[in-house]
């Protein structure tokens, strides 16, 4: 591609002069690849002849203007586009898929999926309720009340909402911290009162986030952070189950450094283990692992319905405990009292809520983030959209409603959601079917599970966490992709495991945000060289055979320029040119200084084609840098500024009339190079080629 200038030194020409000629000729091979065996490719050669533009000339020639937003018209247009049907579909997303629901095909799949998930809700609900340090029946309540609300307002068609291990253990820490404490003259608070207060506060927080349109805040949680955090939380869950696996009773150890304190206490009481509980735990774990690793893959080839091994383990453990009198003869801890019927609505303890605000925020964030992450996976597979703020509304409303019915905060379960999808579930009607079956359990079947040994539930929970624990293998891939991501994973994991879950989440978020700034402060920069006989410019460190014109340096910058990166930008330019501005200016002021015969750079072209934004602070630094380079007799020229960047420069007085600019600005690198070569060599066309090859453009 050939670019010629037809005009005077200022470059002012007739903008209508344009000619394009095309014919088939041979394009020469790059000089550094001249010894390659491949032959030259026959391609059409395009010759473009146009004026050499400066930016303001191009703007004047084609009447540049900044688009004006008419806010009142935009608001009026949006208001007109909203009707009753749109509002109804936004508030009740089920109205978008329910009319298209195939009752003949989809109902059978949802029926199978709902029954399968209901079976899983029973052992997981009871087990995770124990993690939250609340009565076991609360886990069944959580699989009923908030799930019905999510059916009305949620946008995910495949999430299985209810108890979730990580959320349960976070709630459990708050329950332990505030159970038994109360204001003077009032009876001590129960675990259920604390849990329902947390549920209400979490719901209110999620509704406030919905009103503030903060649904996208979940994207601050990177894949690396979520992996490290959930793996560390899984370690907490496993540790919390060891006391029941061994049949021990441990005192409350607080939330900070809990894992370390727990293992110290376990070793102190190791002589007091209950061998009956250990045997039952071992058998439970072996049976579950055998099913998951050997039987389950074989059954999956013949049936979409998996073996309800968790329910089988729960029923078997209950029957053995009842008829072998495990609690009386062997002191095996059991579930205890499970009331029948639905709970009466009661108000949460509002007096406790100011004290638990800080504890509830991580619960709200983790529950929402995990649920949205699972929802996005299924939405991508089934080609439908997830509403992030609507998800906040659905979960917030569900938590507020459930707090009046003896529930703790709910979220999507990784294991149940995967099973609900894998067995063929199509919509949230599967959750309604699951709720119907659980209502039967709540009304009549609940007391059957009272003799169930806790060690059986602990075995079920530990085995179900295998997927989360195996995420530790992801560290290798994260480290290979970027050592920064690897460090985020390690530090998040260690903070969660060694300190506390909420502290680990905070550390992970801070590290992820810092990574964003760190990468922004380390943008891609390089010197560019010209591909012979073209207007293409490439990185001289990555390509051979490029021409670098004498006295002209082209500096490419990719990123944003602001108050945080301006100093690094200036430093990078000086390091690339191999000069120290301060030292060079001092030498120029020395009376004995004499100019050298040759100067490696007299025109510095800044390629801003990839500059995303610039702020006034960076422009102030820019102005000072222009003056400093003028002392060194180096002229700064800009090329390829995007319109928003150019507009900011205009408002700050950095560019303007042709006779009063800080810098000349050109729309393309090639225009700037032509101007620079005329400035350096009065039209000289000689150039030096990288890697020792010479050439003429």
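All positions are counted from 1 along the displayed chain.
Glycine too: its Cβ is placed from the backbone N, Cα and C atoms.
Keep in mind that this is a model prediction, so the values were computed, not measured.
Residues or ranges marked as domain 'STAS' in TrEMBL: 542-676. Under DSSP, residues within the domain 'STAS' (542-676) fall into helix, strand and coil as 54 helix, 35 strand, 46 coil.
TrEMBL lists 130-153 (among others) with the feature transmembrane segment.
What TrEMBL records for 159-178 (among others) is transmembrane segment. With a cut-off of 8 Å between Cβ atoms, the residues of this chain six or more beyond the transmembrane segment (159-178) that come close are 117, 121, 124-125, 128-129, 131-134, 139, 142-143, 146-147, 150, 189, 191, 194-195, 198, 230, 233-234, 236-237, 240, 252, 254-255, 258, 352, 355-356, 359-360, 362-363, 366-367, 370-371, 374-375, 378, 398, 408-414, 416-417, 419-420, 431, 434, 461, 464-465, 468, 500-502.
Same-chain neighbours of the transmembrane segment (190-209): 132-135, 138, 171, 174-175, 178-179, 215, 217, 346, 348-350, 352-353, 356-357, 359-361, 363-364, 367-368, 392-393, 395-404, 406-409, counting only residues six or more beyond its ends whose CB sits under 8 Å from a CB of the stretch. Sequence annotations record features per position, and here TrEMBL assigns transmembrane segment to 190-209 (among others).
What TrEMBL lists as transmembrane segment is 215-238 (among others).
Same-chain neighbours of the transmembrane segment (270-291): 244-248, 307, 309-310, 313, 317, 326, 330-333, 453, 455-456, 458-460, 462-463, counting only residues six or more beyond its ends whose CB sits under 8 Å from a CB of the stretch. The transmembrane segment annotation in TrEMBL covers 270-291 (among others).
Taken from TrEMBL, the feature transmembrane segment applies to 303-325 (among others).
Annotation source TrEMBL lists transmembrane segment at 361-380 (among others). Through the fold, the transmembrane segment (361-380) approaches residues 155-159, 161, 164, 166-167, 170-171, 174, 198, 202, 205-206, 209, 215, 217-218, 221, 226, 229-230, 386, 388, 391-392, 395, 409-412, 414, 417, 421, 501-502, 505-506 of its own chain, all at least 6 residues removed from its boundaries and within a Cβ separation under 8 Å.
According to TrEMBL, the transmembrane segment annotation covers 392-414 (among others).
Annotation source TrEMBL lists transmembrane segment at 429-449 (among others).
Residues 123-124, 126-128, 130-131, 165, 227, 230-231, 233-235, 237-238, 241, 244-245, 280-281, 284-285, 288-289, 292, 310, 313-314, 317, 335, 414-415, 486, 489-490, 493 of the same chain sit 6 or more residues outside the transmembrane segment (456-475) yet have a Cβ under 8 Å from a Cβ within it. According to TrEMBL, the feature transmembrane segment maps to 456-475 (among others).
Sequence annotations record features per position, and here TrEMBL assigns transmembrane segment to 487-518 (among others).
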- Sequence gap of 6 or more, Cβ distance under 8 Å, 3 or more pairs: do the transmembrane segment (215-238) and the transmembrane segment (429-449) meet that? no
- Query: In the same chain, who gets a Cβ under 8 Å from the transmembrane segment (130-153) while lying at least 6 residues past its ends?
  - Reply: 91-94, 121-122, 124, 159, 161-163, 165, 168-169, 171-172, 175-176, 179, 191-192, 195, 237, 240, 244, 335-339, 343, 390, 393-395, 397-399, 401-402, 405-408, 410, 428, 431-432, 434-435, 438-439, 441-442, 446, 449, 454, 457, 461
- Task: State the residues, same chain only, that lie 6 or more residues beyond the ends of the transmembrane segment (487-518) and have a CB under 8 A from a CB inside it; answer 'none' if no residue qualifies.
- Result: 166, 169-170, 173, 220-222, 224-225, 227-229, 231-233, 235-236, 255-260, 359, 362, 365-366, 472, 474-475, 478-479, 564
